[in-house]
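Here's the structure we're looking at; comments come further down.
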């Protein structure tokens, strides 16, 4: 039985029996309507496949499910809260309550993990449609923000647990502070921000702990996990037992590795945005707190025999010195702050000495305040890293994890505050679930059997009401006027509240009184009430901390109060706490609540062990039986008629687009009784159960004076599912109607602008006709310009009428026409160039064809004469050296000699001139002689590794130059040799471009040059004219190449019909293969 609504009888025994039976079967969660009851298993529960019941696959199982279809689990309640937020747009809150050790903190972690995980999945159709309206940049920004916020909030859990949790008698990881985590959502349900409110950190735990308890986890993690370098920097000893505030008998928790947790906490502090330097400062100040705890004072007297505190023990003074160094305060200054204060009396500063007890209280105050400041700073830093823009926030979900009800052997001021906030939360639960619900049914005129329950407002008044001289107001009054002794305070309490049935006076004289809380009787000890309620952190201490040399200390103790505020008495601890609780309840009251009631099954923390008496006591004071009675009789959903019609009107033709009925009440009935509208039978999915008024079926609804009520959650779920299915259809109808309206308005505007354009064009056309007819005045330039300006303005107006689709398409067509018009000129120019090329080629072809026909008609003698004439005009290369195949593109090429531009780049001429002058000076010739340039062009030079390097080949009348020109205007000489040393040339018989120049006494120069025939002819002509000898040319398909002195290389040429150009490859170190195709 997963829901207590199905128990046989509504009484305490049956409720306890059912949840105990489920607990023993490892079902630790049970529903009570929309309330989840959670019993702490004290162990990790697993699925049949071995995974945890909180694993990722469980999140997928609950995602998108209605509450009544889910099995009891924190994920189910978190899903219900998220769905309610998405559907109704209302802020939600999850209130996790129960006594200390009942598992509230772990439950809050599971809830937050579920919400941060599913917030990235847009399940509701309305959310999907909203997401589509987000730009890509907005979506990416939201996704990044969600990931960042999730990481920070998850990282904050171990950090806040380390600094705010401690081991108590009842719980190894008890929260010693309260926190309210708020997840802020955007309009599509993504977590984009958040913040944490913290309440009443148990500062006194820094000073003292009860037997069997520990200080805050952070101190033990520091002592166990700090590295050797950190221990040296923070002056820490090896053992935690050397510090008085950590000197409990057992400083470890079974199954907990403090050293490992220290590393994890440091890692998570980085994740929430706390830098390494800031972490160093935080743990340094924790070390300072530990050393301050070892400072002890002895009672002495001054010269006037007045009692005063002194630090005489060497160990205590050593602790003072170390604490001062860590705090960044001079040791003498710190000792002065601890042993006396300056009081201004009649505008004169008076030195007031402390006795040993007072000095110890001041030292304790510094320790408490410093730890609290560090904790508040950490929370503020976390909040700073998850803030977002307010305009992006749509709704929020709050998760309340606050200390549970506590009853110890000795209950101090902190326990009274903790139990007070639990009383206020119980009062909120009563007002929202029991009191207001029953009152609402009666107000709406529904038949209702009244259910009695205990209203704990009287207990809240006993503690907080100043009119009744409540516990807190009376304590504040005594602290402000004149401090009484503990017994005198008890006497005031007894005299004021002896008649209050919830106040229990102690039977023996002592500093004790009792309160009958909703969870039972608790006896409080007022011994330290005054010290806890009024902090002795004087202005002298505040000033001393603000003047510390440590920047972190100055930052956390920065006083933001005005001068007037510093002169006023600071609010007491109880006043501050009541203000915080009032703010919290105000926030919770503005949210739709979801309750998780946690129960502790036994006192010994034994896994899956249960004590029925303890469970029964918690069931009783949590009011579960009364809540069950209300749920059994009550309704799961109520809404004013107007709001109900507004949300579901489009499910029926009788209410959409406008209701047929004259009243909202009648319209609501017409909507629910529409044919085809109903609830699916869970036993038979094909059966539809219709909505019926005051029936016993799943479709039951009731009509109140102002509201409509649905009894079963299945009915509400059916309406929501139908609504989500209908939304896309309605959206399309509305969008289409809107488009029609916008298009109609746009068309009217466009038609008016079009008519204006036609009128302007008619006037321009008539003017053109008038000018042709020589009508007087029609050719006036000002008049014509005005007509054309009006025409252009009308055309522009037509294209800027509005932002409609029609005008946008027209603009696109105009832009396209303009582009096509401009492109037509470019295309025409390109086609003309192609035509001219074809025309020129046709002329050449015609000439050659006519020449061929003419030659064929000639006789044999005439033909032989023509051949001789033809040979006469051929080049010297073809006449004498026609042993090499020619490339097609070089047959009719004209020789230019200069292919770079020596006139444009004078650096080449300078190189030639430099060699000419040097040669002339040696020979005693005229230095003004200028040599003629035979060839200048870009080539590829081949080296001994067969690498092809881009170079410039320059040939003058006396020399050959190999130049490197990475920048064409800045050539650099790599090699030069005299033309007289040239012994021969070598080429292949294939149509390639390789040419080898053989030089006497030097290595060969091998280049690949497309003007090879021109180079050969230029060199042969110059050698013949200038040196009177013929330059030999070797033709072979296997050439020797002397690329280095004493080394002979081979170059082989092969003809390949499959290729269109030449291609070289390295065969081995001494051989290169060149494949030559048809070119």
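Any Cβ shown, glycine's included, is placed from N, Cα and C.
Looking up the ranges 535-557, 558-580, 581-603, 604-626 in TrEMBL, the one annotated as region 'Actin-binding' turns out to be 581-603. Across the range of the region 'Actin-binding' (581-603), the DSSP-based residue counts are 9 helix, 8 strand, 6 coil. Apart from 98, 99, 100, 101, 102, 103, 104, 105, the ATP site neighbourhood in this chain, defined by C-beta within 8 angstroms of the site C-beta centre, holds 40, 171, 404, 598, 600. Taking all protein chains in view, 23 other C-beta atoms sit within 10 angstroms of the C-beta of residue 101 (ATP binding site). In the predicted structure, the region 'Actin-binding' (581-603) carries a mean pLDDT of 91. Taking Cβ-Cβ distances under 8 Å and a sequence separation of 6 or more, the neighbours of residue 100 (ATP binding site) in its chain are 168, 170, 171, 174, 403, 404, 405, 406, 600. Within 10 Å of the C-beta of residue 104 (ATP binding site) there are 27 other C-beta atoms, taking all protein chains into account.
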